[in-house]
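Visitor: Handing you this structure, nothing more for now.
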Ligand code: HDD
Ligand code: HEM
Ligand code: HEM
């Protein structure tokens, strides 16, 4: 039962990184200073999906609270500055995207676009730091609390945060290449391929810093799995780059999507059976089973989730289906 | 710096802003369902224009509901980790259900509704709005289940210092829930109705074009607000019974029940001040005053006959001036409910000082100041945008604009869609 809920938590957080990830990628790409109409076209390419993307985060935190209350408190409070940054970023993006076209003046719109870019950057940095924080272990003491926040400020956390920014940017470019009208999408392909190379370098750098870090090596319960998943991440990026070269935009987008989901799988699988590995007191480390809510709560939520999950995913799929394909002159413009 | 105080201030600030926006969301979406249904059933374009105009305001308002809501959700883990540690097994369940049953679907539907104009069949498009409205009510229900559990913890047992769920149905039949839910929902309807009436009144006073459309929405707003205020009063007075029976210490004054409870708490948790600050009750009095005052809306109802309400003009002024009142009452009511359960997070079970995260004071202060500034700025910006769009009239809202039509507020067409 705990495992099923842990997998579901992973599914929703990874889903958020994949879907919210291209929102943020598009947000970062707004900084290219392209003309206002192009910026607007990029945001409306995300258009109908935007609200449905971000709510994966809301659902992930809901599951975290309902099914893993202990983890919720210690993870969020224990990564305070990183979560704060991510949260501020999410707020800026959500408000910016939805409000940027409401004022008519160019100046105001450009200002909102800058807020979206900053927000996207903050969100990517913040979640990258949270993931790295899990992977390098936390100062969890016998009293059950994570002490202080200094543990977050390590080279590994910085490298991972930057790698997530690069991943998100590449993913956003792959999304736009897939979704904008063919001529526009083609213009973005070289940029997307370059960004993928940057992402590969950033991921490799983060991996190298991680392998050199005592804390990361100490916290990893299954280092082999971690290395394997890291290699698959790079493989996914290489595949994305090759696919873009052959104009297989769908494959490329699927591959960058996998590259954003894999870090979540990597963290979960490398630490298993733990969720929080203590760097100060091995006995204080928290396993998935320890962190989970007690059985009656999980049973209740399970009965609820069983019929609900197909509906949730079904309605999201319906949204993707209705608005599939490249945007064209018939595409609604609202953001 | 006092971490606990800062955390409480942050919760109060975020929750207040959140509620100012979601009350409008709940109220307006109900009216929108009516407007769009009328459009689909009659096929009359005036209903479409009304739906687009009020829909646009609804969607703008919605943005801050989401932004503040996300901060609310994270705050539990960030600032109140003791809450998840000791009562998360019980309190977490309704919140998890809310996110899955309500928010997830609500956002998915809303995205499709905004972009589905001219793209989806009318019936499907309308069904999406029904979906948005139903899930919005579902979210109000589940969040009130969660809040009522904090007011009056039920259906649990404490083992090893941690609360475990024993009876979920007790959460749904919580005496602190029923009347409060009715009161909150009718307060939201009142807020939305009065907002619609007030904005319409402003257009009618200024004699802008679209007299006919705003006459219609004025009538809808006035009728809704008038019916809602009676519900608000009914549920409001009906709350006193259940609230006082489960929280004898709430509204000040000393009853034998309150003294017995305080004696019991002093024995279990040690001596302390178990009475909430009196501040809460002052607010309650003002809210009731506003509620009774707004009861005068019934006097405006007969004036709808032959449009006397418009011809006399002063009722329009009154309606406009009344728009802020429900917002003030909303905040006062919540402060009364939330401050009135002090010093407990979960009444009689978990004191606030055990629930707050062991975070350093300065970090909490950074968070408080940062989010207050961020959300405050966004809230003010949002209200300015709302006011501008309300003033712009029904001529050409961006929401539901046909794709072929060049946008009036864009000097150049979009190249991507050329
Ligand atoms: C438009 C807003 C509005 C108006 C006009 C009123 N209320 Fe209210 N009131 C609320 C909006 C509200 C609220 C914000 O929705 C609260 C906070 C929590 C709740 O359940 O509803 C609330 C709380 C609240 C409580 C506290 C419950 C608790 O502490 O647990 C009581 C006793 C009342 N109300 C009673 C009344 C009465 C007798 C009113 C007038 C005749 C009245 N309210 C008008
Ligand atoms: C329905 C969902 C709500 C839940 C679950 C909830 C929960 C909480 C929690 C956990 C706290 C912090 C602990 C405490 O100080 O007691 C708090 C405080 C507070 N909340 Fe709420 N709240 C809800 C809605 C609201 C709303 C809509 C308002 C709007 C004004 C509000 C106003 C406050 C205030 C003023 C405080 C500070 C009270 C004090 O510390 O003295 N709450 N609430
Ligand atoms: C502690 C209390 C609360 C928490 C944690 C909370 C959380 C949230 C979150 C995360 C969202 C955004 C969902 C999305 O992304 O679509 C949201 C929106 C919403 N909330 Fe709350 N909320 C609280 C209190 C309340 C209360 C008291 C009500 C009303 C009774 C309410 C009604 C709504 C509604 C109707 C929405 C959707 C519409 C909108 O975003 O404007 N919430 N809330």
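Glycine is no exception: its Cβ is also placed from the backbone N, Cα and C atoms.
In case it helps, TrEMBL gives these features for our protein:
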type: TRANSMEM; residues: A:6-30; note: transmembrane segment
type: TRANSMEM; residues: A:42-68; note: transmembrane segment
type: TRANSMEM; residues: A:80-99; note: transmembrane segment
type: TRANSMEM; residues: A:111-135; note: transmembrane segment
type: TRANSMEM; residues: A:155-179; note: transmembrane segment
type: TRANSMEM; residues: A:191-212; note: transmembrane segment
type: TRANSMEM; residues: A:224-244; note: transmembrane segment
type: TRANSMEM; residues: A:251-275; note: transmembrane segment
type: TRANSMEM; residues: A:300-323; note: transmembrane segment
Visitor: Are there residues at least 6 beyond the ends of the transmembrane segment (A:224-244) whose Cβ is under 8 Å from a Cβ of it, and what are they?
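Guide: That would be 170, 174, 177, 189, 192-193, 196-197, 199-200, 203-204, 207, 251-253, 255-256, 258-259, 262-263, 265-266, 269-270.
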Visitor: So if I exclude everything within five residues of the ends of the transmembrane segment (A:42-68), which remaining residues of that chain have a CB under 8 angstroms from its CBs? That is, six or more out.
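Guide: Cβ under 8 Å, 6 or more out: 5-6, 8-9, 12-13, 15-16, 19-20, 22-23, 26, 29-30, 75, 90, 93-94, 97-98, 100, 116, 175-176, 179-180, 275, 291-293, 297-298, 301, 312, 316, 319-320, 322-323, 327, 331-335.
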Visitor: So, do the transmembrane segment (A:111-135) and the transmembrane segment (A:300-323) meet, by the test of 3 or more Cβ pairs under 8 Å (sequence gap 6 or more)?
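Guide: Between the transmembrane segment (A:111-135) and the transmembrane segment (A:300-323), contact is absent.
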Visitor: Taking the transmembrane segment (A:251-275) as reference, which of A:6-30, A:80-99, A:155-179, A:300-323 has the most Cβ pairs under 8 angstroms?
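Guide: Ranking A:6-30, A:80-99, A:155-179, A:300-323 by Cβ pairs under 8 Å to the transmembrane segment (A:251-275) puts A:155-179 first.
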Visitor: The transmembrane segment (A:80-99): which same-chain residues, six or more beyond its ends, come within Cβ distance under 8 Å?
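Guide: Residues 20, 23-24, 27, 43, 46, 50, 54, 57, 112-113, 115-116, 118-127, 129-130, 133, 149, 152, 157, 335.
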Visitor: Report, as numbers and ranges, every residue of the chain located at least six residues beyond the transmembrane segment (A:155-179) whose Cβ falls under 8 Å of a Cβ in that stretch; write 'none' if there are none.
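Guide: Non-local partners: 18, 21-29, 42, 45-46, 82, 120-121, 124-129, 131-133, 135-136, 185-186, 188-189, 191-192, 195-196, 198-199, 201-203, 205-206, 209-210, 213, 215-216, 237, 240, 244, 249-250, 252-253, 255-257, 259-260, 263, 326-327.
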